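According to Swiss-Prot, the features are:
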DOMAIN    6-200  domain 'Glutamine amidotransferase type-1'
ACT_SITE  C84  active site, nucleophile
ACT_SITE  H175  active site
ACT_SITE  E177  active site
DOMAIN    201-393  domain 'GMPS ATP-PPase'
BINDING   S228, G229, G230, V231, D232, S233, S234  ATP binding site
Amino acid sequence: MTQHDRLLIIDFGSQVTQLIARRLRELNVYCEIHPYQNVTEAFLKGFAPKAVIFSGGPSSVFAEGAPMPPACVFEMGVPILGICYGQQVMMHCLGGKVERGHGTAEFGRAFVTPAEGRLAILDGWFEDGREQVWMSHGDHVSQIAPGFQVFGTSPNAPFAITADPARHFYAVQFHPEVHHTPKGAKLYENFVKLAGFKGDWTMGAYREEAIAKIRAQVGDQKVICGLSGGVDSSVAAVLIHEAIGDQLTCVFVDHGLLRLGEAEQVVTMFRDHYNMPLIHADESDLFLGALEGVSDPEVKRKTIGRLFIDVFQKHAADVGGATFLAQGTLYPDVIESVSFSGGPSVTIKSHHNVGGLPEKMGLKLVEPLRELFKDEVRALGRELGLPDSFIGRHPFPGPGLAIRCPGEITREKLEILRQADAVYIDQIRRHGLYDEIWQAFVALLPVRTVGVMGDGRTYDYACALRAVTSVDGMTADYYPFTHEFLGETATRIINEVQGINRVTYDITSKPPGTIEWE
């Protein structure tokens with residue numbers, strides 16, 4: 001199996017550390033994020049990075065117990081890039097000086113101008129005399145460490161870009177990973193080129209290596225996979241099936257809360273097209289019965305999550321002799337489980353997942369996607385031959401339409417919601433907008449309104465259209481449809497869907513709102 005060169009990102013707590021990894025993965029460089037407290041001398045020997053990046057972070061080098069890397073990292077003889085707090089750490093550790101931010105803090109857009117000398121990591125920069133960057137710092141470097149030179153300055157950061165070219169140590173006070181630093185990607189490209197990375201970490205290579213790993217892990221044992229019809233579980237299932245064939249059985253739990261025709265699409269694709277052993281468990285009566293009279297969104301989510309585990313266990317037992325459970329865990333999930341802070345956070349919404357299943361069922365985990373980001377999963381899906389129409393689908397929540405139907409759920413409401421959602425998505429596709437939007441759906445509101453159709457009075461439901469743009473789902477903006485589009489869509493829904501006589505458009509961003517209504 002090919003051994004790829006690895007880049008280590010030491011995380012000091014920045015909110016945008018994952019973006020560093022994303023930028024490097026886009027360059028076909030394999031990298032991992034590890035919190036600073038886990039990076040010991042023994043870890044570094046085992047990981048053997050070809051280069052290291054220090055992330056930014058909210059701390060001050062003056063704080064008691066301030067996050068620091070092990071001293072031996074500077075003796076490894078590999079290129080190091082320090083970003084924001086990472087720059088301050090480098091200067092602090094190597095003999096420079098950092099001062100507290102009194103009137104010199106910079107937050108937001110700034111412009112860096114070049115200093116004397118040429119630096120290979122800045123190839124392609126300063127062609128127009130200065131570069132826009134994104135700053136977010138309180139403290140600042142006041143004296144650079146021995147061996148370092150200044151290669152770029154900003155009004156409040158005289159050492160915005162510094163380097164010790166002989167040791168291949170580079171440090172910047174800004175964040176090259178964010179889109180607000182337009183040439184940040186070029187800086188990363190130059191850094192990995194200087195470090196000697198070949199850019200050989202592709203989805204084609206990942207596919208071959210993942211298949212070999214799955215075969216080595218599973219042997220001749222049986223694997224069960226909870227198939228939701230979403231991108232993650234689908235790509236995991238196709239990859240595992242390619243590795244071990246009919247040793248894999250998928251269990252598709254239909255809770256009666258799916259979109260129009262969705263269950264049939266999943267069964268057709270995986271049973272008929274991919275010829276996978278598939279148990280289609282239609283448990284809609286069980287789920288809808290348990291949700292009868294329930295209006296609290298947290299109770300809805302927890303009821304669905306509990307029943308899902310019960311149903312999955314029951315049908316998985318029918319497989320008999322399974323040793324492994326496959327899950328579509330992604331790299332952001334892994335990062336968060338070993339996060340910088342490890343501290344508790346407020347539960348905004350309970351997540352519907354099968355996290356408790358392995359312990360309950362005594363199964364070992366197969367997680368073939370745990371090294372990938374979402375966009376890489378989609379690329380792997382294309383590599384595996386899944387159709388773009390499936391790979392490019394918008395995210396769909398585990399509890400399904402239950403959380404797009406605020407208030408009590410009934411079969412009648414669900415059918416109205418399915419029909420309205422199908423019309424809305426059809427409109428978006430007809431206008432060529434689907435791929436511009438992160439997520440779009442209809443929420444059926446627990447409100448009836450008076451209307452007039454023909455010569456008669458109506459008293460039907462109102463619905464809300466939702467469409468947002470986002471990069472990762474953590475923040476989102478509403479999509480700016482034209483009034484013509486909204487008017488045309490509202491007319492179609494009211495004319496084609498019996499039970500709705502009023503259509504609204506939700507223009508709330510996240511934050512303060514969430515993408516889903518519940």
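Glycine residues also receive a Cβ, built from the backbone N, Cα and C atoms like all the rest.
Values in this document were obtained by computation on a predicted structure and should not be read as measured data.
Everything Swiss-Prot records as a feature, shown here on the structure.
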residue : record           : Cβ contacts under 8 Å, 6 or more apart
H175    : active site      : S14, V16, G56, I83, C84, V133, W134, M135, S136, T181, G184
E177    : active site      : V16, L19, I20, R22, R23, I83, G184, Y188
S228    : ATP binding site : S234, F252, V253, G398
G229    : ATP binding site : F252, L258, E262, A263, Q265, V266, F396
G230    : ATP binding site : G328, R393, P395, F396
V231    : ATP binding site : K374, V377, R378, G381, F390, I391, R393
D232    : ATP binding site : G328, L330, L369, K374, V377
S233    : ATP binding site : C225, G226, L227, Q327, G328
Across the domain 'GMPS ATP-PPase' (201-393), average pLDDT on the 0 to 100 scale: 85
ATP site, defined by S228, G229, G230, V231, D232, S233, S234: further same-chain residues with Cβ within 8 Å of the Cβ centre: L227, V235, A236, G328
Per DSSP, three-state class assigned to G229 (ATP binding site): coil
